[in-house]
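J.: So that we are looking at the same thing, I have put the structure below in structure tokens.
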């Protein structure tokens, strides 16, 4: 008789958790059960394997229990059994259950037939009356709907006439009120919200001549980042590689088929492999753009030169690396891992400077405050601010009621923003214990947040500082951090939004979603000015330093580069 091993069962549960979106649980099980050390080829296991396996087992038990039945109506017999019965009772007990339930069902049928014959005549008359009443109600409803539509059309025509008479006014509020050009934007003014409108995006679709598709990855691409120094774009994938693409200045038509000289493949494992342990989960360029750091599912951080050469491999974590950041000076690299710790690495010495072990769950995100202190967040709902040389957190922020997915310091390092599965974003200050603002307008988990490159400490000091939050509720929301209030809600996506990025001048925001689309929003006007739809869900979007190109990485193994011109 065929049996299933504990290793095989662990793998099926691991895959089920991954496919169901329980990413962190899958990471934890994979790490503790040593999934990556097994010999199972994941490519041979079909999607939904665990569910199929359980269903097949239940079907087998049902077939065995019904085997002695000579009646033709077996489908009915099958409906007598529940999954719990199949799991907890043996075949003889199941057969007895079926016999008893068949008898009871037959008695109920006989009673029903008697009642049906007496009630049929009365019901026929009732049905006639009911149908006549329903038809009258439908006619009345249709008439009212036509009247409403006519009234709306009349009001719209009158408004258009009034608008044509008035002189054009291009201030911010009037532009936002112009519903003809808006696409699903809901502004909050004086506590009242406007309903979003659905308007076709054909007039703002980025033409194919401005789109470059980079092909070469053989698995989904989960991270991308432009070099701050110039025309290099890095991407990280589930195919155990990162890639450095050279993108020419100006409008370019790059394709990896044009020659291998335009792309460098950074292999995280020798030869071909299906090991999930080598997935590239995160990457970051140093400030000068001379080195690229990558984090991997195998718990190792790697530093690469712009020529594709592996400079160093940093090994100490005991679980997958979820986040990784260079400090501004470029002498330290910070990594956060599923092993519940964060490590500061001395890049020159190629060794760990200090390991920070404060969380009780996997570390989800890390972000430098300055060259020597940083924030770290976790599945344990906590945020710790740490400093090199200190053995305890210099600040503890408690207040979230769910996993803290992302932490980001503002441009001056004085305020920390965080977002969580508890559907809130919060603003914290080093000057107080409790959060400064509790931002609650989203209806589902908030996946990521970004500060605008505006206000004090930026190249755009005269513009207002804004926080953007992206959520599984398919919206992006912009917040006034000083007041702690919602500025507007950008409602153009139909699926969870995984990534947002501000343009370098702070005038535009790009958003990428699982609905396969990337929207570019004008923050001044509060509307979509450009949009692109690819062939897979989007995991990350990013701008180059000039602000004239965007990159987006997709679940269909591609990276797209878009020329941005208004």
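Using N, Cα and C of the backbone, Cβ positions are placed for all residues, glycine too.
Where the annotation comes from TrEMBL, it is an automatic prediction and has not been curated.
On a predicted model such as this, the values are computed, not experimentally measured, just so you know.
Feature list, courtesy of TrEMBL:
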| type | residues | note |
| --- | --- | --- |
| REGION | 101-196 | region 'Disordered' |
| REPEAT | 214-255 | repeat 'WD' |
| REPEAT | 273-304 | repeat 'WD' |
| REPEAT | 314-355 | repeat 'WD' |
| REPEAT | 397-438 | repeat 'WD' |
| REPEAT | 439-489 | repeat 'WD' |
| REPEAT | 490-531 | repeat 'WD' |
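Surface or core, plus neighbours and distances: that's what I need for these features.
T.: Sequence-distant contacts of the repeat 'WD' (214-255), counting only residues of its own chain at least 6 positions beyond either end whose CB sits under 8 Å from a CB of the stretch, comprise 261-269, 273, 275-276, 278-285, 287-290, 292, 294, 304, 306, 308, 536, 539-545, 549, 551-561, 563.
Counting residues 6+ beyond its ends, the repeat 'WD' (273-304) has Cβ neighbours under 8 Å at 30, 35-36, 41-43, 219, 222-230, 232, 234-238, 240-242, 244, 266, 310-315, 317-326, 328-330, 333, 335, 337-339, 345, 347 in the same chain.
The helix, strand and coil residue counts that DSSP assigns across the repeat 'WD' (314-355) are 0 helix, 24 strand, 18 coil.
Long-range contacts of the repeat 'WD' (397-438) within the same chain: residues 24, 361, 364-370, 375-379, 381-385, 444-451, 453, 455-458, 465, 467, 469, 471, 479, 481, 484, each at least 6 residues beyond the stretch ends and with a Cβ under 8 Å from a Cβ of the stretch.
When averaged over the repeat 'WD' (439-489), pLDDT in the model lands at 96.
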J.: Going by DSSP assignments with H, G and I as helix and E and B as strand, what are the residue counts for the repeat 'WD' (439-489)?
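T.: Counting residues per DSSP class in the repeat 'WD' (439-489), I get 0 helix, 23 strand, 28 coil.
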J.: Using a Cβ-Cβ cut-off of under 8 Å, list the residues of the same chain that are 6+ residues beyond the ends of the repeat 'WD' (314-355) and lie near it.
T.: 24, 27-28, 30-31, 279, 281-288, 291, 293-303, 361-368, 370-372, 374, 376, 378, 386, 388-389
J.: How do the residues of the repeat 'WD' (214-255) split into helix, strand and coil according to DSSP?
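T.: The repeat 'WD' (214-255) comes out at 0 helix, 19 strand, 23 coil.
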J.: Quick one: DSSP breakdown of the repeat 'WD' (273-304) into helix, strand and coil?
T.: 3 helix, 17 strand, 12 coil
